[in-house]
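Chemist: What TrEMBL records for this protein is below:
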type     : residues : note
REGION   : 50-70    : region 'Disordered'
TRANSMEM : 140-160  : transmembrane segment
REPEAT   : 623-656  : repeat 'TPR'
REPEAT   : 693-726  : repeat 'TPR'
Amino acid sequence: MGSRAKQGRRLQKMMKCMCLREPLKKGGEDETVPSSDSLAITEFYSSTASGRSGLDGEIEKMGSGSGNMDEAELSLRESGIMDIMDNEEARALLGKDEYQEGNIEAALRIYERINISAVTSKMKISLAKSREHHKKHSHYYAMPPMSIYTVGLLLEAIFLKAKCLQVLGRFKESAQTCKVILDIVESSLPEGLPQNFGHEGKLQETLGNVVELLPELWKLADSPRDVILSYRRALLHQWNLDAKTIAKIQKEFVVFLLYSGGEAIPSNLRSHMDSSFVPRNNLEEAILLLMILLRKISLNKIEWDPSILDHLSFALSVSGDLTTLAHQWEELLPGTINRRERYHALSLCYYGAGNDLVALNLLRKLLSSREGPKHVPSLLMASKICSENPDLAKDGASLARKVLENLDGRCDRLESLSSCLLGVSLSAHSKIDISNSERVEKQSEALHSLETASKVTKMSNPLVIYYLSLECAEQRKLDAALHYAKCFLNLEVGSNIKGWLLLARILSAQKQFLDAESIVNEALNQTGIWDQGELLRTKAKLQIAQGQLKSAIETYTQLLAILLVQRKTFGSKKKLYKDYIDHARSMEVEIWHDLAFVYISLSRWHDAEVCLSKSKAIKLYSASRCHAIGTMHEAKGLYKEALKAFRDALNIDPGHVPSLISAAVVLRWCSNRSNPAIRSFLMDALRHDRFNASAWYNLGIFHKDEGTILEAAECFETANSLEESAPVEPFR
């Protein structure tokens with residue numbers, strides 16, 4: 001009874017405070033009891049700096065002091081406050097006090113007693129009418145059933161209920177509760193919230209919290225589809241969020257789209273215009289959002305965030321559109337990022353997009369500037385680009401040496417990589433038109449650099465081991481090459497097709513064709529169907545080397561069927577898979593040519609012509625196809641037609657080695673065997689491929705016809721040595 005009396009005195013005090021604050025109507029009208037909206041809720045929102053009103057505080061004392069919500073509510077009802085305030089509003093206040101005190105379960109019990117469905121229609125009408133009031137700016141309109149304050153109070157109660165459910169681990173219920181708030185507001189205000197809507201209360205704050213929380217709740221509930229839909233809803237409806245909050249939501253949405261691994265949900269958004277871009281998948285939607293964020297940064301609407309560019313770099317790299325990424329880097333305002341970082345990133349983009357010379361020029365500009373002459377990443381990248389081009393390989397070696405000088409043994413990993421690039425550059429440089437003594441010197445230095453690189457990392461770097469095996473193979477040190485190829489496969493756990501191919505080709509150079517074919521079959525068993533192209537082609541070449549022409553035809557047919565399915569599968573996604581499709585089409589052309597050569601060797605002219613016509617339908621101009629046509633004419637004894645076809649091939653590609661050799665052979669039959677053009681063709685072929693046994697053999701025949709027996713003997717000896725160690729396909 002003492003507690004009852006104490007509560008009664010508090011209620012009387014609260015009633016007195018409320019009566020003292022009752023406004024009088026103007027014009028001598030009678031005093032009326034104020035509505036809950038005009039007094040109680042106003043008092044709730046007109047709280048002190050600590051956020052507590054007198055009424056709020058008293059209710060808190062009753063609720064938490066007694067620990068019995070039913071008793072507190074009964075006290076409110078007996079005191080008459082329930083007559084002034086709506087039951088749901090009072091429960092909202094009681095629930096908030098319990099929530100703020102950390103009594104989550106008690107707060108939830110109170111919130112669950114609020115009959116939201118009973119007041120939903122009133123809230124919707126009140127929200128809709130409040131917008132009309134904002135539009136008309138008039139005092140003469142029908143009074144809504146609730147004030148905006150009451151609506152805000154009830155929506156906040158629903159939000160706090162959701163927070164209680166979240167704390168208790170009931171994530172799906174929490175998300176569904178939050179969604180109720182957005183459903184009410186969105187259905188009442190389909191065109192979005194007016195400016196400054198609900199700022200005098202807590203409605204705007206509550207809505208902002210709900211919009212941010214809902215996607216996180218769906219993540220916790222493991223419902224990726226609802227996560228995406230809630231993010232889209234947050235960004236497409238006008239919630240009056242500030243620019244910083246919108247950018248935060250956009251960035252979080254991007255992270256989910258890129259890294260969640262969820263299935264793409266095609267957007268069907270009413271806000272899209274007929275001519276607007278509609279993302280087809282998660283990746284495109286993420287890229288669109290990231291570009292919007294970068295645009296906001298350039299307009300100074302939000303602060304610079306480097307992670308935005310990191311995410312965009314990842315997204316565009318995955319999509320294969322590195323040129324667009326380069327444009328985004330170029331459009332960044334001066335001073336946004338470091339100049340050295342910009343140039344290095346741009347060079348990476350252009351290199352990835354296949355514009356090697358553009359990338360190299362950017363790197364050279366950076367390395368010649370004041371801030372970047374010793375920038376190790378740029379030096380390494382420039383060296384790598386140069387190492388892939390024999391004409392620039394000398395510069396690549398020089399750049400790799402600069403890296404070694406700058407490192408001075410401080411980083412084993414980078415030292416190994418720079419030594420590897422030095423070896424690769426020297427190897428490429430040895431293939432250009434230089435003297436034999438210089439070529440031997442470069443090859444020796446290249447092998448030494450690669451061996452040094454492997455020792456620095458104790459044979460743990462797969463890239464170094466691969467290039468070391470490749471260099472040994474090209475220098476015909478096949479036993480060492482085989483050892484390193486096996487080490488590479490072990491390091492890569494058999495996951496790299498390049499390793500299987502190199503191992504099979506080294507075995508073929510040792511004339512172990514059965515073992516090589518077994519290696520290819522093992523690789524095929526561990527490889528997805530889309531990645532079997534090079535393996536099947538090597539298998540066919542191995543079958544040809546063993547005289548199994550029928551089996552080779554079957555293997556080529558199998559490969560062509562795979563390429564056909566690939567073309568149909570990826571045909572509608574040309575932009576996303578452009579590089580992949582280009583490679584597949586180029587391979588298909590070469591397969592038709594390989595198959596044509598098999599039919600020519602069998603004198604099946606019609607089948608060979610069909611293969612060549614298939615090739616022409618894909619690629620109109622091809623040196624390889626002209627060479628096949630010339631070979632077919634040569635096999636028929638039509639030497640003039642054959643010579644014309646070989647010249648056509650050389651017009652397309654002056655460095656096409658098979659056509660250079662074939663032109664020399666046919667010219668020998670058609671003209672004087674001492675024709676200087678024969679020697680010119682063969683020397684040109686050897687300039688492009690020093691390890692071509694056929695070129696050395698035919699040069700020996702030329703010297704024999706000339707009467708220079710010693711030179712002829714040297715050529716035949718070289719040809720024989722190369723033929724004994726020739727792989728079915730080039731090592732590189």
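Even glycines carry a Cβ here, placed using N, Cα and C.
Just so you know, TrEMBL annotations are computer predictions that nobody has curated.
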Chemist: Taking residues 6+ outside the repeat 'TPR' (693-726), which of them lie with a CB under 8 Å of any CB in it?
Modeler: 476, 478, 509-511, 657, 660-661, 664-665, 668, 673-674, 678-679, 682-683, 685-686
Chemist: Based on DSSP, tally up the residues of the repeat 'TPR' (623-656) by helix, strand and coil.
Modeler: 27 helix, 0 strand, 7 coil
Chemist: Across the repeat 'TPR' (623-656), what does the pLDDT come to on average, as a whole number?
Modeler: 94
Chemist: When secondary structure is assigned with DSSP, how many helix, strand and coil residues does the repeat 'TPR' (693-726) contain?
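Modeler: Per DSSP, the residues of the repeat 'TPR' (693-726) fall into 30 helix, 0 strand, 4 coil.
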